[in-house]
Amino acid sequence: MNYFPWLTIIVILPIFAGSLIFFLPHRGNRVIRWYTIFICIFELLLTAYTFCYHFQTDDPLIQLMEDYKWIQLFDFHWRLGIDGLSIGPILLTGFITTLATLAAWPVTRDSRLFNFLMLAMYSAQIGLFSSRDLLLFFIMWELELIPVYLLLSMWGGKKRLYSATKFILYTAGGSIFLLMGVLGIGLYGSNEPTLNFETSANQSYPLPLEIIFYIGFFIAFAVKLPIIPLHTWLPDTHGEAHYSTCMLLAGILLKMGAYGLVRINMELLSHAHSIFSPWLLIVGTIQIIYAASTSLGQRNLKKRIAYSSVSHMGFIIIGIGSITDTGLNGALLQIISHGFIGAALFFLAGTTYDRIRLVYLDEMGGIAILMPKIFTIFSTFSMASLALPGMSGFVAELIVFFGIITSQKYLLMPKILITFVMAIGMILTPIYSLSMSRQMFYGYKFFNIPNSYFFDSGPRELFLSISLFLPVLGIGMYPDFIFSLSVDKVEVILSNSFSK
């Protein structure tokens, strides 16, 4: 038991500090912006300090455990803890949120509320990744939806209310299944509700009941990940949201679904997972092909990037379904890798829109000469998205491939077939990615417009882009840093789960 509440401070600090925004003096938006960025940077540094000095990477058990009785009547505890599975997403959350608040610098309308919602979202996401109690997990899952809905409905495009309503209907519908699963596991087999992750992991269920629990949790996480056919909220949401909100959606929100699949479906419901894992491979493979093909037909720039995100999530599903150390490590690496690449692409799409006020690719063209810095950065991240060797996406997708090939669970012919179809998906990725760059940056549509109408990337945008690019390059060159966090925990999940 940890005696100093590091994790509680890390979870509560952003929303508590965010609530103080409303009491700041009325001296313009600059004070609010700097205050929010200071809180994000301080939170990120505090998180990094805590993990550096109080977390042992070679220990697969839960560390920094905190357990406080919260509601006596339900035996509900404020129970936090981290392990190799959660430390990566928590650091990713801090990094992307800090950059998203910097990206939101131009937002001036209701900036107090906007920045408070960003910080409230920060708290909910870190709370979800560090929770060790099923009901606390559900509360953080729900708490995170409210800021996203408000950010969508108040700071978005012309169809923002439609996309916000669609988002909340999909995610709230999925949350019903999550709540049913949480209550089912909590109330099963004892007079006292047992919501502790450790107790639930050691609990055995009748197979039909475990399958029902698995399907309930799977639907909830499939909406958030998203998994086809529950993905249609994502392109509409990304198409209308402000690009700083898109950075949080692509960088962190989608990863919550993947984290839930590993943390609950794989760790707590291992027998059902071994039954459904072949179906995960099939769904993941179809998703890679379908989303890549659909992305190619999108006229809207942000919707094309959104479908590319759906395609890349297919690799995470396949890695989770492979039931191998290699495949699961590859899926966790893809979670981190796509967090940076997806956030960067949406940021660049948003800054481009700020300049040319166009969202349809067939109306663009010839921007490369007018904005060479944005062209260079966008092209670089497009290469990272299509898994260029030396970038993080290449390592993640390659390791997922190896995970499928080395899996002992599947016969040779299905493995060859799935690998072949995945390879087709990887061929489609450069087609839609390079086509997007060609339509935006080449051609003559903007060639004859005087340069005074446009300005290239400024210092703030360059700093943001470089900050997102360095981790992509660093992970691509040295992925062992990420693996060192998760490899022991992955071994424990697979050995405990599938030897029961």
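Yeah, the Cβs are placed from backbone N, Cα and C, and that goes for glycine too.
Swiss-Prot annotations:
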- 4-24: transmembrane segment (TRANSMEM)
- 35-55: transmembrane segment (TRANSMEM)
- 87-107: transmembrane segment (TRANSMEM)
- 113-130: transmembrane segment (TRANSMEM)
- 167-187: transmembrane segment (TRANSMEM)
- 211-231: transmembrane segment (TRANSMEM)
- 272-292: transmembrane segment (TRANSMEM)
- 305-325: transmembrane segment (TRANSMEM)
- 330-350: transmembrane segment (TRANSMEM)
- 386-406: transmembrane segment (TRANSMEM)
- 416-436: transmembrane segment (TRANSMEM)
- 463-483: transmembrane segment (TRANSMEM)
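Using a cut-off of 8 Å between Cβ atoms, the transmembrane segment (330-350) and the transmembrane segment (87-107) share at least three residue pairs, counting only pairs 6 or more apart in sequence.
Take the transmembrane segment (87-107) and the stretches 211-231, 272-292, 463-483: counting Cβ pairs under 8 Å, 463-483 has the most. Of the two recorded stretches, the transmembrane segment (113-130) does not lie close to the transmembrane segment (167-187), with fewer than three CB pairs under 8 Å once pairs fewer than 6 apart in sequence are set aside. Contacts between the transmembrane segment (272-292) and the transmembrane segment (35-55): absent, as fewer than 3 C-beta pairs lie under 8 angstroms at sequence separation of six or more. Contact check: the transmembrane segment (416-436) against the transmembrane segment (305-325) gives at least three Cβ pairs closer than 8 Å, residues 6 or more apart, which meets the contact criterion.
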